[in-house]
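Worksheet for the structure shown next.
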Amino acid sequence: MVRIYWTLGVLALVYRADNVLGNHLSSHQLTYDNLPLSQRRFFKNVRALLEKRLNPNVVADSDWPSFDNVLNSDMNSPHNGFTDNDNIIKSPTAVPTPVLVENWPKIAHSFGQVTAVSIDPYGNPVIFHRADRFWDSNTFNETNNVFYYIEKGPIKESTIYTLDAKTGNILSGWGNNMFYLPHGLTIDTHGNYWITDVAMHQAFKFRASESQPLITIGTRFRPGSTIKHLCKPTSIAVATTGEFFVADGYCNQRILKFNAAGRLLRVIPQPPEFLSLQVPHAITLLEHLDLLCIADRENMRVVCPKAGLKSSKGEGQPAATIQEPDLGRVFGVAGYNDKDIVYAVNGPTSMLPVRGFTINPKSETIIGHWGKFKNPHSIAVSSNNLTLYVTEIGSGYQANRIWKYVLV
């Protein structure tokens, strides 16, 4: 509601300015070009901002100004964000909005179900896909969660592809004859690949392009709920300290925290912690806030308990919870640490729009909406906080794709 009033206020401001110019043109010989530079730029950016609001999902030829700063700036103030060498408002406090990059990738790809995306240290997106494999009602034994098609062997083609950030073209691929049913992929700051395979019931740490894992969590093809077993793990989040978290996942409804060597440190939730999870489908870290944010899919919310990276103080306390009527089933989350916010995507949920969300865990609110999807499955933000990627899964190669957004 507040943004509606703001938008109306900006419209009124532009209307008033245009009328002032029109009504007094003959008597005062006032034209747009006669306005002071700061005022001309102010009105230019207001109009650009309104055009952006009318079509928010397309990248324009230039960066867009911050909505809040256009409204709050003083046109005649030297501190209004404009300079003679700058034509956009700069705001260190503005929350970046994802804006779709059209015609990316330049060439259409024929991937299988693209279950995950992450970004390598060079800023290139890396996708994890299932090739010719699908997960349906015949994939697992419903009683014991054992994968039915072990005898088919691992997927023969490359399951991991690195794409060029500028063009979307494939740069390299690996992961052939290694995985049975890909799910999660996270690349840490050192370029290590953290992977989950729901058929194998395992989580791995790999060096790029290597076939032997550095760390393995879980027992191959043996689902379970002990500390030595996983059951359809979904996602991994890695801290700069080396500690990592595994979302375990479709069956066990828990998060496991490990030290850098793979020794179990903590299970989330654990008594007396009250946090009931229903398919923790994706996880991300906000290290500045010491929070682990979880896409609690079937509970239709994002919950952020203390990660315990700085100290154990606060572990087990009530988690920050974001649960609003339009959120639906949350499939993917990605942290934007500079702003202490989380970007998320929901999936098909009744009649709700399938789209992206900008979330503030500190206020436990949704502060923005963006994008339009059919069946998104994962999301990632680049380390320089300039780009964001979303992947979708479907039954045909045209539905299995990756979208690129810029954060402006």
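Glycine is treated like the rest: Cβ placed from N, Cα and C.
Sequence annotations record features per position, and here TrEMBL assigns protein binding site to R130, Y250, R297. Summarising the environment of R130 (protein binding site), the number of other Cβ atoms within 10 Å of its Cβ, over all protein chains shown, is 22.
Counting every protein chain shown, the number of other Cβ atoms lying within 10 Å of the Cβ of H183 (Zn(2+) binding site) is 29. What TrEMBL records for H183, H281, H377 is Zn(2+) binding site.
Cβ-based neighbour count (10 Å, all protein chains) for C231 (disulfide bond) stands at 20. Summarising the annotation, TrEMBL assigns disulfide bond to C231-C251 (among others).
Counting only residues at least six positions away in the same chain, the Cβ atoms of I283, T284, L285, L286, V302, V303, C304, V333, G335, V342, P361 sit under 8 Å from the Cβ of C293 (disulfide bond). Among the features that TrEMBL reports, disulfide bond is placed at C293-C304 (among others).
Within its own chain, the repeat 'NHL' (168-209) has Cβ neighbours under 8 Å at 104-107, 109, 115-121, 124, 126-130, 133, 135, 139-140, 145, 147, 149-150, 152-162, 215-224, 229-238, 240, 244, 246-247, 249-250, 262, 282, 378, 383, 402, 404, counting only residues six or more beyond its boundaries. Here TrEMBL flags 168-209 (among others) as repeat 'NHL'.
Marked as repeat 'NHL' by TrEMBL: 222-261 (among others). Outside the repeat 'NHL' (222-261) by six or more residues, the chain places 116, 140, 144-146, 183-184, 186, 188-189, 192, 194-198, 201-203, 205, 215, 267-269, 276-285, 287, 292, 294-295, 307-309 with a CB less than 8 A from a CB of the stretch.
Taken from TrEMBL, the feature signal peptide applies to 1-22.
Reported as a whole number, the C-alpha separation between H377 (Zn(2+) binding site) and C251 (disulfide bond) equals 18 Å. In sequence order, the binding-site residues near C231 (disulfide bond) (Cα within 10 Å of its Cα) are Y250, drawn from R130, H183, Y250. For the pair R297 (protein binding site) and H183 (Zn(2+) binding site), the Cα-Cα distance reads 15 Å. Comparing CA positions across the recorded positions R130, Y250, C251, the one lying closest to H281 (Zn(2+) binding site) turns out to be Y250. Counting every protein chain shown, 24 other Cβ atoms lie within 10 Å of the Cβ of R297 (protein binding site). By the criterion of other Cβ atoms within 10 Å of the residue's own Cβ, the least surrounded of the binding-site residues H281, H377 is H377.
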